[in-house]
Structures are given as structure tokens and as C-alpha cells.
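**Q** Got these off TrEMBL a minute ago, pasting:
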| type | residues | note |
| --- | --- | --- |
| DOMAIN | 26-459 | domain 'Amino acid transporter transmembrane' |
| TRANSMEM | 33-53 | transmembrane segment |
| TRANSMEM | 59-83 | transmembrane segment |
| TRANSMEM | 118-139 | transmembrane segment |
| TRANSMEM | 159-176 | transmembrane segment |
| TRANSMEM | 183-204 | transmembrane segment |
| TRANSMEM | 273-292 | transmembrane segment |
| TRANSMEM | 312-333 | transmembrane segment |
| TRANSMEM | 376-396 | transmembrane segment |
| TRANSMEM | 402-422 | transmembrane segment |
| TRANSMEM | 434-459 | transmembrane segment |
Amino acid sequence: MASTSSTLEINDFAHKDLDDDGREKRTGTWVTASAHIITAVIGSGVLSLAWAIAQLGWIAGPTILMIFSFITYFTSTLLADAYRAPDPVSGKRNYTYMDVVRASLGGSKVQLCGIAQYVNLVGITIGYTITSSISIVAIKKSNCFHYRGHDAPCNPSNYPYMIAFAVIQIVLCQIPNFHKLSWLSMLAAVMSFAYSFIGLGLSIDKAIGSEAKTSLTGMPVGPKFSATEKMWKALQAIGDMAFSYAFSTVLIEIQDTLKSYPSENKMMKRASLVGVMTTTVFYMLCGCLGYAAFGNDAPGNFLTGFGFYEPFWLIDFANICIAVHLIGAYQVFCQPIFGFVENKCAEKWPESRFIMVEREVRLPFCAEFDINLFRLVWRTTYVIITALIAMIFPFFNSFLGLIGAAAFYPLTVYFPIAMYIARAGISKYSFTWICLKTLDWTCLVVSLAAAIGSVQGLISDLRDYHPFKE
């Protein structure tokens, strides 16, 4: 009897370290989820919003930003309720976006979701490799301009910094999963606040006494700027604003890190509200004050595009913060890719020691940690391939706009709305159904228009394309 009692006590103790699905107990809170969201959403793109508002003007620019913030928050609450099915509190967990779509909709829509999500995630990681190198190069340029003058020929190569970024990611990619990523997301979120505040402060300083020309309708049409060009630029600006809020590609993976009390959907909705409100405040301040400072000539990025030259040390620090933030953001977006591939391989080859076995490694002056050979080889290969693509196609950010246009509608709007209609049993042509479908179709039109603008930008980049030439 004593032996049986002892066994039961051991089992009870073991169960305390596991969640209801038998996995390691989740410890995430709405604070860590908010950090993940802010890391994913507030990218260095916040510094390009002055350019976007310059294309649209004082009326349309801020209005469109607010509309997209509302849409993103609303659809994120619908998606948060789909993490467990059929009941949002006590139902079976779904670990990925594809799992959520499979549980609520099924059929070919699961494959469509997978293609949209993972192509977008791969594109983002390539884009971040390019953007991080631009930030480091901006530091070299800033120092060069400071010591040699603003007209000096300062054009360092991006390629060494893409390689350095890839080396750092190879090390960080050995973090096993999203659950172990909270510290890096916290650091990245702090960095995003730091460079946003610096950009904000510099914009306020420049805006005081600035004679930059602004208008209610944005960049005016004239001899140097045709109506057609204005249309393309406006479409690109609307697309940039729509995609700047999107974190639905990683929402389910973030929600899967949360502890189960209070319920995950409640915590995720709170985290989404905090994340979207925080980013909206920063977007409005940086976009509007940046436009006030630079007017219709606002650069694409006023920290790396040299809207500011002095104080050079502060601009250098801001660009270091951008690079550190992108290091963390890369991990937020690549972890779902790693998890998907590794889970599929584990299902297909469950007996493979190369795939399944964790090996304990101890490094000097470091704690023990587990290394999986498959994880080491596959993740290293992924980072190397994405870095090579970034080096071969340095205009990839234009292509990323097209990928974003293709992914924004299905992942941020269509699937959350379709799953809500299916789960709630909303009847066709009812008032609620009409409202949801109107939102759905409007966002589809916006995505198509932004995709057309991105294609035009891509064609323009391809005209002067020369691989491995600065």
C-alpha cells in the first residue's frame, strides 16, 4: 500500500508540470503575449509611416491608420476564440493556424491557409535580413557623413552585415520553441520603443519651426509628380498601413504559450488590445510628427534614409536598436516555420534518432542545454538559404509587399470571419452576416489594390537589377 501511495504521489507531482494536453506546462501571461505582439507588429516600418502619410495627406492618412487598427483588433478577437474548439474555454487545443482552420472549416481551406501563412513568414524573415543590414550600414554612413561631410560618397556594402545577421540567427535559432522566446521578445519590444521614441523626439525637434509643406490630400500632382504616380504611391501607402498591423500569422502560436487560467482567449484578447493600442499610438505619433517635420518630401525611413544627420551618435544608437529588434522579430516569425517542419518530420519518422533524440551539451561558463541534430542542421540551413536570397535579391522588400498583400486578406480577415460565422452558426443574409461580409469584401479590394501597387514597384526595381552589385 505504501508503494502504491508513493507512486500516486509521484504521478500527481508529474501531472502538475503538464497541461491538460500532456505538454509541458505553459507559463505565458498577457504581458509576455503583448511583448510578442509588439515585437511582431512594431517593426522598423513605423519609421516609414511619415512617407505613407505624405502620400495620403492629413485626412486620409491618420483615418486609414485608425481603421486598420480597429479591423486588426476585431479580427484578432475572433481568432483568439478559435484556439480551442468547439468551446473557446474548455475545448481541444489547436497549436497552429492550420489546426484552427482544420477544426473550424476543414477541406481545401486548410492547405490555402498553410500556403498563405508560411510563404508570408518566409518572406518576412528574408525581408528582416535585408532591413537589419540597412540599419547597420546606416550607422557606417552616419559616421562617414559626420566626419567627411553630408555630400561625401559614403556607400558601404550591405552584404557583410547580412552575413553577420545570419550568424547571430544560426545561434538563436537553437532556441527550441516559442515558449522559450519570451526574454528575447521582451528585449526586442524595449528596442522598438527606444528607436520609436528617438525618431519621435527628432521629428518633434525638426517640426518646431519647420517650413516643410504639408497638405490635406498629401503629395500634390504637378510637373514632377503625375496623377498616375500619385495613384501608385497612394496604393502602396495604404498597403503598408494595412500590413503594418498584421500579426495574425503568429497569433495562434503566441496564444499557445499562455497558461490556461485565466482562459487563454481572454488573456489573448487583452494582449491584442494592449498590443494594437500601443502600436497605434506610436504609429500616429511617428507618422504625423514625421510628416509635420519633413512634409511632402518625407523619406521612406527617416533614420536609415537620412532624414536626420545629427546628433550622429543618437542616430547610430537608434539604428543599433532597430537591428537588435529585428534579431528578435526574426525569431518570432521563424519559430512557427521551424515547429511546422519539425512536427511533420517527427510524425513521418518517429523512430529516427537523428530527428527525435535530444543530446545534452555543456559549454564552458554556460549552463547545460539540449541539442537536437536535426534541429541544428535544418534551422542552420534555413537561415543560410534566407540570407542568400536576401543577398541575391536586395529589392526583396518590394516583393515582400506583394506577399503581404496576398497574405493580409486571408489570414487577417477572411479566415477569422469565416470561422466565426461557422462556429456561431450565423445565418446567411442576416444583419450580422451582411456586416461581416461587407468588411470581408472591402478588405479584399484593399488587398488587391495594394498588390497591384506592389507589382508596379517590383517591375520598377527589376529594370535596374544587377545581382551582388551595390
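Even glycines carry a Cβ here, placed using N, Cα and C.
Heads up, TrEMBL stuff is auto-annotated, nobody curated it.
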**Q** Counting Cβ pairs under 8 Å to the transmembrane segment (183-204), which of 59-83, 118-139, 312-333 comes out on top?
**A** 312-333
**Q** Give the nonlocal contacts of the transmembrane segment (273-292) in its own chain as ranges (CB under 8 Å, at least six residues past its ends).
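**A** Distal contacts: 30, 33-34, 37-38, 41-42, 46-47, 49-50, 52-54, 58, 61-62, 65-66, 69, 72-73, 76, 193, 196, 199-200, 203-204, 207, 210, 212, 214, 244-245, 247, 298, 302, 307.
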**Q** Of the listed stretches (33-53, 376-396, 402-422, 434-459), which one yields the highest count of Cβ-Cβ distances below 8 Å with the transmembrane segment (118-139)?
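**A** Between the candidates 33-53, 376-396, 402-422, 434-459, the best contact partner of the transmembrane segment (118-139) is 376-396.
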**Q** Cβ pairs under 8 Å only, please: of the recorded stretches 59-83, 312-333, 376-396, 402-422, which one is richest in them relative to the transmembrane segment (434-459)?
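**A** Comparing 59-83, 312-333, 376-396, 402-422: 402-422 has the most Cβ pairs near the transmembrane segment (434-459).
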**Q** How about long-range neighbours of the transmembrane segment (312-333): same chain, 6 or more residues beyond its ends, C-beta under 8 Å?
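**A** Sequence-remote neighbours of the transmembrane segment (312-333) are 36, 39-40, 42-44, 47, 121, 124-125, 128-129, 131-132, 135-136, 138-139, 142-143, 145-146, 165, 168-169, 172-173, 175, 181, 184-185, 187-189, 191-192, 194-195, 198-199, 202, 249-250, 303-304.
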**Q** State the residues, same chain only, that lie 6 or more residues beyond the ends of the transmembrane segment (33-53) and have a CB under 8 A from a CB inside it; answer 'none' if no residue qualifies.
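**A** Sequence-distant neighbours of the transmembrane segment (33-53): 61-62, 65, 128, 131, 135, 178, 181-182, 185-186, 188-189, 192-193, 195-196, 199, 203, 218, 237, 240-241, 244-247, 250, 254-255, 257-258, 267-268, 271-272, 274-276, 278-279, 282-283, 286-291, 293-294, 298-304, 307, 322, 325-326, 328-329, 332-333.
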